[in-house]
Amino acid sequence: MKGISRMSIREVSEVLNTEPSEEFLKACAQDERLGIQNLIVRYYKEWEARLVEAERIEALLREEKQLWLNGYLHIAGIDEAGRGPLAGPVVAATCILPAKFNLPGLNDSKKLTESKREKLFQQIKEQAIGYAVGSAEPAEIDGLNILQATKLAMKRAVEGLKVRPHFLLIDALELPSLKIPQKGIIDGDALSASIAAASILAKVSRDHLMGELDKLYPEYGFAKNKGYGTREHLMALRRHGVSPIHRRSFAPVQQQLDIV
């Protein structure tokens, strides 16, 4: 490699985007060109951000690492999406992550933008040892109640795994019907990498499904509101009545049925 003084700013930038040596970084720091100084400042800011992110991901693996040390190889995180909406199913997902993965930005799905969730959704499916999605339909929610329907969706997700889980980490709940060692963690989607991954799979899977249901029932705006009781959704309920995918046991829907 030619000396840095003979390199253009573009050439220096290309080297910094690889894995520059300490010698090269020192040479950049000593170069008086403003463009090089800006590049080296940006390089160290990005390096520090990557370090902080690596430490955050490491903290998210605290539960998993302890379980791995205790001999549990396949740890399945479980979470749900859609307990609160007035329409559509409640969807659960389960995900078994490998010990080494590359999922920058992995977090509770509620803390991510839609575009970031979509990106991680694909990355998780590519890198996971195993994953599966389960759901409970509106009629099941009405017949059981939302809590029991959520547990049913979670159970179906676990049963859909092609890889047998040795331990379950579940967001906030426990599933006594599954005879698998397990632990419920309050705010688990913000504390466990496996649960965070499951939360993204559940959220994006449900969002995609609501987009498809919007094509069947376009008058309710499901692609936008995902079934939640927005002002526009409530107005559509009053105008068009209750659809086959509305949860009849939920108060705003029940009120509309009572009017009819």
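Positions of Cβ are set from backbone N, Cα and C atoms, glycine also.
Sequence annotations record features per position, and here Swiss-Prot assigns domain 'RNase H type-2' to 73-260 based on sequence analysis.
Annotation comment: Swiss-Prot describes ASP79, GLU80, ASP171 as divalent metal cation binding site. Taken residue by residue with DSSP, ASP79 (divalent metal cation binding site) is part of a strand.
Considering other CB atoms within 10 Å as the measure, the emptiest surroundings among the binding-site residues ASP79, GLU80, ASP171 are those of ASP171. Across the domain 'RNase H type-2' (73-260), mean pLDDT in this model comes to 96. Residues ASP79, GLU80, ASP171 make up the record's divalent metal cation site, and a Cβ search at 8 Å around their centroid adds ILE78, ALA81, ALA92, ALA93, MET154, ILE170, ALA172, LEU173, GLY188, ASP189, ILE195, ALA198, SER199, ALA202 from the same chain.
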